[in-house]
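One structure is given here, and the rest of the page talks about it.
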Amino acid sequence: GGSDCIKANAKSCGECIQAGPNCGWCKKTVREPTSARCDDLAALKSKGCPMEDIENPRGSKQVLEDREVTNRKIGAAEKLKPEAITQIQPQKLVLKLRVGEPQTFSLKFKRAEDYPIDLYYLMDLSYSMKDDLENVKSLGTALMVEMGKITSDFRIGFGSFVEKTVMPYISTTPAKLRNPCTGDQNCTSPFSYKNVLSLTSEGNKFNELVGKQHISGNLDSPEGGFDAIMQVAVCGEQIGWRNVTRLLVFSTDAGFHFAGDGKLGGIVLPNDGKCHLENNMYTMSHYYDYPSIAHLVQKLSENNIQTIFAVTEEFQAVYKELKNLIPKSAVGTLSSNSSNVIQLIIDAYNSLSSEVILENSKLPKGVTISYKSFCKNGVNDTQEDGRKCSNISIGDEVKFEINVTANECPKKEQNETIKIKPLGFTEEVEINLQFICECQCQSEGEPNSPACHEGNGTFECGACRCNEGRIGRLCECSTDEVNSEDMDAYCRRENSTEICSNNGECICGQCVCKKRENTNEVYSGKYCECDNFNCDRSNGLICGGNGICKCRVCECFPNFTGSACDCSLDTFPCMASNGQICNGRGTCECGTCNCTDPKFQGPTCEMCQTCVGVCAEHKDCVQCRAFDKGEKKETCSQECMHFNMTRVESRDKLPQPGQPDPLSHCKEKDVDDCWFYFTYSVNSNGDANVHVVETPECPSGPDIIPIVAGVVAGIVLIGLALLLIWKLLMIIHDRREFAKFEKEKMNAKWDT
């Protein structure tokens, strides 16, 4: 919202409120560019503009006429005139619209019971409809009886059509004009459209007049029904239409001609959509072309006529496509002799009346409308389906929520009127649109005010609205001066050709900087040379999020430095585990260790892939100095005097981790396989200190007696075990031999 207000660069309160529904105008007198007064409400408050000085007019709605929908039952004692029956509510209202701010109102529709119906039966009287005419002759009284079950106020009329009375649609020979039928058939002269009976409540009169009708004929298959429909729609007085439900039953067994087909007969003038009935006959069929489908739709809709196409099975597909183009129309299948026409009309009427579709008149430029429907059984829809509700029974009530939005103000700022009505009904809602294009404070303006540079403008809403040809915050310049090079010179930096650094306008010799879409991004400076968004960035953030951008230079917060404030002065990330910065082998730069000893690496210079361990490095020197033995015993005084040595009684007395100097604990084995313990540390002066436990831990010698006794006992036990095993084997062997002897002895006795 705020960016829209600023981008509008409003020069007056009226321009500001047209920029968007969230834009307000500060009428408090301030020394800022006029356009800076226009911003969203929160921004104006933050700038210190009091609420009472903010102009922010809002739209509204006012219902002028709100009669309740009619509740009545069929057969009720009270008989209301059609104009006294109300099916739609409200009837009239005023909407005050501000640009971008929708106004919403609810519309209620209820199908009234016992609502009057006018039905006009328009029939094709070409020769192929001969048998149908016989059945239609008794239609009047029969239809009166059936429709009486729906309404107590029903009227019926009858009209017929054939074709345009020119070649090649009919034969224009004198004989064929008198009787277009062949053989001994007695047919009436061809005609375009004839209003036989205007709407009447007398069914017998319908039967009487229709009974006198005769079939006619034509040459081609399609008929001129569109001419007849147009005349029925626009000749309201002759037909006798009332402001009630209007039904047009169109009965035929053929297709139709439409706009352009008249060229075959040399007719090129488009249909004018006006009534041309004289003595109930259409007299201009030879002069005007057939109407187009769109023209028919317009006229049927304007006159609230609902069409029922009663056509034979052969042409069902054609008329169903036509139905899709004509709102509030239905198609029924007519039997070959029209015997089912009454049931067809009843079914089609129920189908048409069970659906309500809202339509609106042409909208003024810049005005949009949207619908939301609340139908039966909790069915809700929006967009195009929000205009209609289906499956409505008589007495059902449905609601619609309608949004009207103005996206721009009309140039003449005059009020507009639009109308919304249900298709096929005469009732409508009249909406008067009043546009809020100026602020209330503008009516209090002072023309030619001294506050506007000697009367060069109107002082209104806390600012000057300049007269034609004047410009500037106080209208102090003329448009001729603004474009002069002399004025531009004041808006250029020294040795620069750019006016206001290409970031603003030069008005009266002063730079007025541009506004950015992001209200947090601002141009500033005498020549608009500064801004707060073009500083160096780090990690995608201006000044790394650790400083403020002022005139394209970062001003860093404490503990940060660098062009993008991305260099931290905090040394904590460089602290090694031994408590030294970068392990004493590097420098801390921007929170990162730069190792000066090439052997050491890592975030704190503690990793050394090629280094021998501290303990192994100093093992021999500690051994020779503390215990006078080891590999360096002979050269100890030359090679091992680089550290200070201190003897301690036990391991507990050795220095522990946590002291400021780096410290290594060591456990090594001497030449006698004894363990000795020491620590190695380097202080801040670079002096090495060794603390060593004075007594090594040597392993004790073996106990000979248990070993000898164990060996002797083992030998004795093994010998005994071997003797026992030998004895066991001998016993087994002797028993086998004895058994063998006994067996041989028995065999010797048997032989004897």
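Quick reminder: no glycine exception, Cβ is built from N, Cα and C everywhere.
Predicted automatically and left uncurated, TrEMBL annotations should be read as such.
For 4-50, the entry in TrEMBL reads domain 'PSI'. Taking the domain 'PSI' (4-50) as a whole, pLDDT averages 78 in the prediction.
The feature domain 'Integrin beta subunit VWA' is assigned by TrEMBL to 12-439.
If you look up TrEMBL, you'll see CYS26-CYS38 (among others) marked as disulfide bond. Listed in sequence order, the residues of the same chain lying 6 or more apart from CYS38 (disulfide bond) and placing their CB within less than 8 Å of its CB are CYS5, ILE6, ALA8, ALA10, GLU15, CYS16, ALA19, CYS23, GLY24, TRP25.
Listed in sequence order, ASN195, CYS275, LEU277 are the same-chain residues at least 6 apart in sequence whose CB falls under 8 Å from the CB of CYS235 (disulfide bond). The disulfide bond annotation in TrEMBL covers CYS235-CYS275 (among others).
The Cβ of CYS500 (disulfide bond) has 24 neighbouring Cβ atoms from other residues within 10 Å, across all protein chains displayed. The annotation disulfide bond is assigned in TrEMBL to CYS461-CYS500 (among others).
Taking a C-beta cut-off of under 8 angstroms and a sequence separation of 6 or more, CYS511 (disulfide bond) has the following same-chain neighbours: CYS491, ILE499, CYS500, SER501, GLY504, GLU505, LYS526, TYR527, CYS528. What TrEMBL records for CYS506-CYS511 (among others) is disulfide bond.
According to TrEMBL, the disulfide bond annotation covers CYS508-CYS543 (among others). Neighbours of CYS543 (disulfide bond), defined as other CB atoms within 10 A of its CB across all chains, total 25.
Under the heading disulfide bond, TrEMBL lists CYS513-CYS528 (among others). Around CYS528 (disulfide bond), a 10 Å sphere centred on its CB holds 23 further CB atoms from the protein chains shown.
The disulfide bond feature in TrEMBL is assigned to CYS530-CYS535 (among others). Sequence-distant neighbours of CYS530 (disulfide bond) (same chain, 6+ residues apart, CB-CB distance under 8 A): TYR523, SER524, LYS550, CYS551, ARG552.
Summarising the annotation, TrEMBL assigns disulfide bond to CYS551-CYS582 (among others). Long-range neighbours of CYS582 (disulfide bond) (same chain, six or more residues apart, CB within less than 8 Å of its CB): CYS574, ALA576, CYS588, CYS593, ASN594, CYS595, THR604, CYS605.
Taken from TrEMBL, the feature disulfide bond covers CYS556-CYS565 (among others).
Counting only same-chain residues six or more apart in sequence, the Cβ atoms lying under 8 angstroms from the Cβ of CYS636 (disulfide bond) belong to CYS621, CYS624, ARG625, ASP628. Taken from TrEMBL, the feature disulfide bond covers CYS590-CYS636 (among others).
Per TrEMBL, the feature disulfide bond maps to CYS595-CYS605 (among others). Around CYS595 (disulfide bond), taking its Cβ as the centre, 20 other Cβ atoms fall within 10 Å, counting all chains.
Look at TrEMBL and you will find 615-703 tagged as domain 'Integrin beta subunit tail'.
Marked as disulfide bond by TrEMBL: CYS640-CYS674 (among others). A 10 Å cutoff on Cβ-Cβ distances gives CYS640 (disulfide bond) a total of 20 other Cβ atoms nearby, all chains included.
Here the transmembrane segment (704-726) has no long-range neighbours, meaning no same-chain residue at least 6 beyond its ends has a C-beta under 8 angstroms from one of its own. Residues or ranges marked as transmembrane segment in TrEMBL: 704-726.
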Rounded inter-Cα distance in Å - CYS461 (disulfide bond), CYS556 (disulfide bond): 42
Sequence-remote partners of the domain 'Integrin beta subunit cytoplasmic' (727-752) [C-beta within less than 8 Å, at least six residues beyond its ends]: none
CB within-chain contacts under 8 A for CYS674 (disulfide bond), separation at least 6: PRO696, GLU697, CYS698, PRO699
All-chain count of other Cβ atoms within 10 Å of CYS590 (disulfide bond): 15
For CYS461 (disulfide bond), the number of other Cβ atoms found within 10 Å of its own Cβ: 26
DSSP residue counts for the domain 'Integrin beta subunit tail' (615-703), split into helix, strand and coil: 20 helix, 28 strand, 41 coil
Closest of CYS506, CYS535, CYS543 to CYS565 (disulfide bond), Cα positions, disulfide-bonded residues only: CYS543
Rounded Cα-Cα span from CYS556 (disulfide bond) to CYS506 (disulfide bond), Å: 33
Spatial separation of CYS513 (disulfide bond) from CYS535 (disulfide bond) - C-alpha basis, Å: 18
